[in-house]
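Chemist: This is the structure I want to talk about, given as structure tokens.
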Amino acid sequence: MECFKRLTTVFFTVKLVQYLLVYFAPGQFDTSTPLFLEKYQPLQPEKWYHKLLSWDSVYFVKNGLQAVTHTNAYGYVSLPEYEHEWMFSPFVWSQTLKTAGGATLRNWAAPIDTLLVRATLLNLVLHYVSVWLLYALTLRTFPKNRELAYKTSLLFILSSAAGFLLAPYSEPLSFAFSFLGMLLRMLAVEHNVYGGITLAWYNWLPYTLSGICFSVAAANRPNCVLLGVYYIYDVLKLVRQRNWVRAVLFPCIAGSMMLGIFAYMHYYLPSVVFCPERESWCKHSLPWIHIPYKSFYSFVQGYYWRNGFLNYWTWNNVPNFLFALPNLVILWYSTVYFSYQYPLESIRPLVYITRALLLIITFFAHVQIINRISSFIPLHLWYLSDRMIKTTGEAKGDDRLVYLYVNWLILWIPLQTVLFACFLPPA
């Protein structure tokens with residue numbers, strides 16, 4: 001009960017301070033927000049919370065409004081107005097915002113305000129629920145270590161995503177389902193002293209539900225497709241143990257479900273909508289099914305944002321690498337720590353997932369986004385918490401790194417919150 005009170009108090013105190021920073025922040029540098037508001041709710045007065053419509057949140061809210069105000073195009077989903085808006089969760093998060101906004105939203109004089117406020121409240125709830133999902137996941141991973149669970153949840157509240165979690169970004173939905181999926185899988189899988197795994201038949205349901213959770217997370221944020229590494233790991237373990245039936249009925253079913261939903265969202269549906277007109281994407285297709293071998297998400301990222309191998313490695317992007325450096329370092333150190341100094345077979349797949357994310361973000365993407373999209377991975381939070389517990393006396397080596405990272409967070413969270421409210425980089 002004491003832990004519940006402390007974490008709840010910290011959570012709402014941090015959020016209150018952040019919203020006060022947004023309130024007192026000066027006007028926005030960019031004109032995207034006033035132009036967006038002028039188009040979709042003209043003659044409405046400017047409000048302080050319009051500052052939350054910064055960067056990608058403009059597109060998330062627009063896609064949500066599109067889902068409410070337009071007729072469903074394919075029976076159950078409304079398509080984005082422009083192709084670059086497919087980047088911003090046009091189905092899962094947009095449909096969630098549609099539900100939050102309500103069917104009568106199109107008749108309101110200020111639909112953006114209504115959607116913005118409700119989506120922001122929804123993200124607050126998702127973040128708060130995720131704090132406790134992570135607490136439960138930590139206790140399952142490190143049994144009876146309540147201090148570690150408490151510190152991990154505390155660090156998750158003080159996330160480097162900072163201001164992004166105040167606005168209608170799609171990250172909270174993904175990390176909520178990611179943590180829930182990890183917890184369900186951890187409840188279903190037993191690890192033995194020989195490095196093998198055991199999957200009891202009565203655990204088939206929670207294991208399969210983990211696949212549904214990961215599918216929702218990946219459909220919402222494509223980087224979460226890396227969670228499929230859990231099922232690859234389990235298949236290899238079960239095949240090595242010659243447990244063929246369970247290999248098929250547990251990880252193969254859960255993983256196939258996840259892969260199928262991801263393929264439908266990012267390959268099949270865009271090919272139906274854009275091919276053959278979008279020749280630059282459609283012409284590179286698989287010969288036997290006539291679907292492009294490159295996901296539409298990757299194509300749009302490359303075409304509009306110049307994502308690709310080393311494309312971001314230019315001198316003018318050095319500041320963005322500096323913004324990302326603390327998380328790049330701490331994520332890498334966490335994989336080393338849980339591979340050699342504190343090896344745990346149960347979190348080995350998460351080590352692989354973290355390393356894969358680091359490689360993708362460092363060499364193929366806009367590197368500064370690591371500060372928010374790494375929020376679905378708890379590995380570095382466990383590393384930080386464990387070292388904070390074990391540190392006695394003067395911090396040295398890894399402990400010095402942890403000390404510097406926590407102090408960076410204390411500086412970064414208010415700074416990034418104000419920058420976000422002013423529509424200033426980093427995005």
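Glycine is treated like the rest: Cβ placed from N, Cα and C.
Values in this document were obtained by computation on a predicted structure and should not be read as measured data.
Positions annotated as transmembrane segment by Swiss-Prot, on the basis of sequence analysis: 7-27, 119-139, 164-184, 197-217, 247-267, 318-338, 350-370, 404-424.
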Chemist: Can you work out which residues elsewhere in the same chain, 6+ from the ends of the transmembrane segment (164-184), have a Cβ less than 8 Å from its Cβ atoms?
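Modeler: Non-local partners: 15, 18-19, 22, 52-57, 60-61, 64, 88-89, 92-93, 96-97, 115-116, 119-120, 122-123, 126-127, 129-130, 133-134, 136-137, 140, 206-207, 209-214, 216-217, 220-221, 224, 227, 230, 350, 372-373, 375-378, 417, 420.
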Chemist: Let me check one thing: do the transmembrane segment (318-338) and the transmembrane segment (404-424) come into contact, meaning three or more Cβ pairs under 8 Å with sequence separation of at least 6?
Modeler: yes
Chemist: Can at least 3 Cβ pairs under 8 A be found between the transmembrane segment (404-424) and the transmembrane segment (197-217), with each pair 6 or more apart in sequence?
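Modeler: Counting Cβ pairs under 8 Å, fewer than 3, so no.
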Chemist: Using a Cβ cut-off of under 8 Å, list the residues of the same chain at least 6 residues beyond the transmembrane segment (119-139) that approach it.
Modeler: 7-8, 11, 15, 49, 52, 60-61, 64, 96-97, 100-101, 145-146, 148-150, 152-153, 156-157, 165-169, 172-173, 175-176, 179-180, 182-183, 186, 378, 381-382
Chemist: Please report, as numbers and ranges, the same-chain residues at least 6 past the borders of the transmembrane segment (7-27) whose CB is under 8 Å from any CB of it.
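Modeler: Apart from its flanks, the transmembrane segment (7-27) reaches 48-49, 51-52, 124, 127-128, 131, 135, 150, 153-154, 157-158, 162-163, 166, 413-414, 417-418, 421-422.
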Chemist: Using a Cβ-Cβ cut-off of under 8 Å, list the residues of the same chain that are 6+ residues beyond the ends of the transmembrane segment (247-267) and lie near it.
Modeler: 91, 188, 199, 204, 207-208, 210-212, 214-215, 218-219, 222, 225, 227-228, 230-232, 234-235, 238-239, 291-292, 295-297
Chemist: Let me spell it out: take the transmembrane segment (197-217), skip the flanking residues so only those 6+ beyond its ends count, and list any with a Cβ under 8 Å from a Cβ in it.
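Modeler: Same-chain contacts beyond the ends: 92, 173-175, 177-178, 180-182, 184-185, 187-191, 224, 227-228, 230-231, 234, 237-238, 241, 243, 246, 249-250, 253-255, 257-258, 261-262, 376.
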